[in-house]
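Visitor: Can you read through this structure? Questions will come right after.
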Amino acid sequence: MEVCVATCNRADYSKLAPIMFGIKSHPDDFELEVVVLGSHLIDDYGNTFRMIEQDDFDIGSKLHTIVRGEDEAAMVESVGLALVKLPDVLQRLHPDILVVHGDRFDALALATAAALMNIRILHVEGGEVSGTIDDSIRHAISKLAHYHACCTRMAEQHLIAMCEDHARILLAGCPSYDKLLLTHQRGDYLDIIKSWLGDNVQEGNYIVALQHPVTTDIQHSIKIYGLMLDALLSFDKKTLILFPNIDAGSKEMVRVMRRKGIEQHPNFRAVKHIPFEQFIQLVCHAGCMIGNSSCGVREAGAFGTPVINLGTRQTGRETGENVLHVRDADSHNKIFHALELQFGKRYPCSKIYGDGNAVPRILKFLQSIDLDEPLQKTFCFPPVKDSISQDIDHILETQSALAIDLGGTNLRVAIICMKGSVVKKYVQPNPRTFEDRMSLILRMCRDAMKDAVCLNCRILGVGIGGGIIHHNELVHGSTFCAAELGHIVVSLEGPECSCGGHGCIEAYSSGMALQREAKKLHDEDLLKVEGVDMKLSEPITAAHLISAARMGNSKADAILNKAATALGAGIINILHIVNPTLVILSGVLASFYQAPVQRIISERALFSTKGTKVVTSDLEEPALLGAASMVLDYTTRRIY
């Protein structure tokens, strides 16, 4: 696999170098190409390309892409210049994978060029949140990238939330941790401190300062920089201060530093660049680090070095307890007080950003990439309602729903149109077993779907009757079985229900329950009324029980009273839980139950619900219409 690593500045090289060493150590698996651009090639920023050469990497291409000016326009022009120069290099190298780091404007140019030239991109450190324009650039690169090596669990979740494919996201940790966790305990750290700060400086008795411009509020960041320098001058400790990066506003920050005489001050050592291994030693053993560099909130935490983070540039970054934020750094005294609080402390080491094993994970991830899979990346968007295009066939068709009513006696399926009319209805006796019921429902639905084509009905969805509607949405429950209202238990010792339990409303009040009781009376020859010819014939139904009660059969009347009481008690339970404004009964038994249920509610319900009105539905097939209305309302709803 040909892997091209492109580095733009000293900061991203500290993250990419461990990956480059790892790739170079596997010559049988990878061929490494190195492209250098950006501030690496500028003298004012230390000509840091030389440290890449000192690390014994062959630089395949050096691209001068920085337009000087250090303002917003210069940043835009630098991106444009990079886009002009990169195509020739990428066309010549034609790598399988381009590795890009972070959130710099140079990296955005790299990702844009590679994406347009159909080169796969691995983005390192995507998904993080820091503040300023960096966030927008970082997320833009993530959208262009095909693969992601992120540093924290939160960054991984951010990428998933951005609809990136989870299978192409590697939670690796920060590659720089692989190096710093190995090198920060070097025995020569005192020599390094003395070489940069002088012989009289002791471990823990100096400050490392690194402040960059905030491109979305340049003037305010320059003001904070001046206040930081004033606080450091007052604090009177030896300070190693690094020049800011090349972002817009950096030139003005350097002018502020020179106006205050920092470069000539005996307490300060101002430098453009420090090799990463030595810089890590200096941060590790410092009494404090101050500024807004990501190093303060990332790498410094691994050593427990106290950090003062100024301004908003790192807002949103995950930090350890070693970081004290001074986001509104609007006064010299506030920053000075933060120095007093933090200087000389030590904190527990944090490994939020890595455990020292990022590079092996990234190499294994690269080896797993199938270069034959389609180059076009896909996004994992959350499910949304499919749009219905304007099509003549849709206009001519009758928008309809398939409604299902799982009754105790019968299964009913109907095609119902937008106007609420039943176009066609299908009724079958309800089988005894669950499997047979499901098989019958599916068969009835298939038949209805076939007929819908002939009837010019466009089925928008399937609705099942029975349930609770809250804010126009069906309440599903955790296992999609909410609102089994017929199985509210009203007696612990009641008759057995079809669900296997005892004392459910359905066991007392359903059509099947009344039919069962009617058959018992008939078998015992007790369904007749003395002096009245009821003309009983099979099959016996609930209607026979109601007729017998109306004609004076006391046993039939007792059964119906018990059924009405059970239904009323169950409805009272619902009233006490949901507190609806109206109870609507439907079905063939509705007219019989309406009066007794109203009476039971008025007698037994709490005062707050006993006035709830009970009415019967006068709609044709209300259960089927209710099921259909859920589909028709949802699929044709317009939200503005």
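Note that Cβ sites are derived from N, Cα and C of the backbone, with glycine treated the same way.
Annotations in TrEMBL come from automatic prediction, not curation.
TrEMBL lists these features:
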- H487, C497, C499, C504: Zn(2+) binding site (BINDING)
- 28-366: domain 'UDP-N-acetylglucosamine 2-epimerase' (DOMAIN)
Visitor: Taking the Cβ of each of the binding-site residues and counting other Cβ atoms inside 10 Å, which one has the highest number: C497, C499, C504?
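Guide: By the 10 Å Cβ neighbour count, C504 comes out on top.
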Visitor: When you average the Cβ positions of H487, C497, C499, C504 for the Zn(2+) site, which other residues in that chain have a Cβ within 8 Å of that mean position?
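Guide: So the extra residues in range turn out to be E484, G486, V489, S498, G500, G501, I505, E506, A507.
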Visitor: Compute the average pLDDT of the predicted model within the domain 'UDP-N-acetylglucosamine 2-epimerase' (28-366).
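Guide: Mean model confidence (pLDDT) across the domain 'UDP-N-acetylglucosamine 2-epimerase' (28-366) is 92.
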Visitor: Just jot down the residues in the same chain as H487 (Zn(2+) binding site), at least 6 apart in sequence, with C-beta under 8 A of its C-beta; none if empty.
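Guide: Looking at Cβ-Cβ distances below 8 Å from H487 (Zn(2+) binding site), excluding near sequence neighbours, one finds C497, C499, G501, C504, I505, E506.
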